[in-house]
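Shown next, in structure tokens, is the structure this report addresses.
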Amino acid sequence: RHGAVKNEDTFKTSPFHFDLWFYFTLQNWVLDFGRPIAMIILPLEWFPLNKPSAGDYFHMAYNVITPFLLLKLIERSPKTLPRSMVYVSIIMFVMGASIHLVGDSVNHRLIFSGYQHHLSVRENPIIKNLKPETLIDSFELLYYYDEYLGHSMWYIPFFLILFIYFTGCFTPVAEESRMPVAALLLMGPSSLYYWYLVTEGQIFILYIFTFFAMMALVMHQKRKGLVLDSNGLFLFYSFIITLVLIALWVVWLWNDKILRKKYPGVIYIPEPWAFYTLHMNNLHAAKESF
């Protein structure tokens, strides 16, 4: 039965999935983090502004490869997991990532026209002078699909699937609760990517609730004499390092008045691309002036 835990697989253990975690890390860095970089670096004449950019093709590949890897990860769980929930989550993930593809494509192309990510839509010089003013509402709708609806439908299923997989990463064998050298090598790049995902996606609440749920599950299973296997430890420690990186990022930019204005409220976590358009673009312009 789907969703039921079979008696015979309750105490099965699984070796560290180096191949899957490596593919995850590689494609996350290349296809997700690398897509806006590819769009900026590659010559504009190769990808005109009225056509998909190189980053858009990266995003399309990400939307196909990531669901496949998530399904493979679930298949390797030593426990039988609720497949119906997994399949619905995968469908929502693809829908959300596809919505984000369209909105993000337009928003990143606006950089070439002078759009500044550290400002709100209405405060951007190239937007606030549009006529008629109802066009500004259209750009705000595009921003909503990109930053809110697309991110929610993309990241909620993503973290849900990771948590569902995490529930199957427990073993009564203490010797299985060790990470191989390969896991330690992947932990740094994996944690750094999760930092980028949380900060750029503005999903700290989702991330921290997932992390708290993981901690609660670890403490609950410990009372039963169960410990995390190598895959569970890799995921759990990656989330811990991610939290440390987020804290360092916030402390570094704590007194930035401009970013503070864009990210008001109790939770202040600036986006890396907002930091780039605010500070790095100015740095590049200063270098070009010499």
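Cβ atoms are placed via backbone N, Cα and C, with glycine included.
TrEMBL: automatically predicted annotations, no manual curation.
Annotated features in TrEMBL:
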TRANSMEM  20-42  transmembrane segment
TRANSMEM  57-74  transmembrane segment
TRANSMEM  86-103  transmembrane segment
TRANSMEM  154-174  transmembrane segment
TRANSMEM  203-220  transmembrane segment
TRANSMEM  232-254  transmembrane segment
Discussion item. What residues elsewhere in the chain lie close to the transmembrane segment (86-103), defined as a C-beta under 8 angstroms and at least 6 residues from its ends?
Written reply: 56, 59-60, 62-63, 66-67, 70-71, 74, 142-143, 145-147, 149-158, 160-161, 164
Worksheet item: What else in the chain is close to the transmembrane segment (20-42), if you only count residues 6 or more beyond its ends and a Cβ gap under 8 Å?
Response: 53-56, 58-59, 61-62, 65-66, 69, 72-73, 76, 108-109, 111, 182-183, 186, 189-190, 193, 196-197, 231, 234, 273
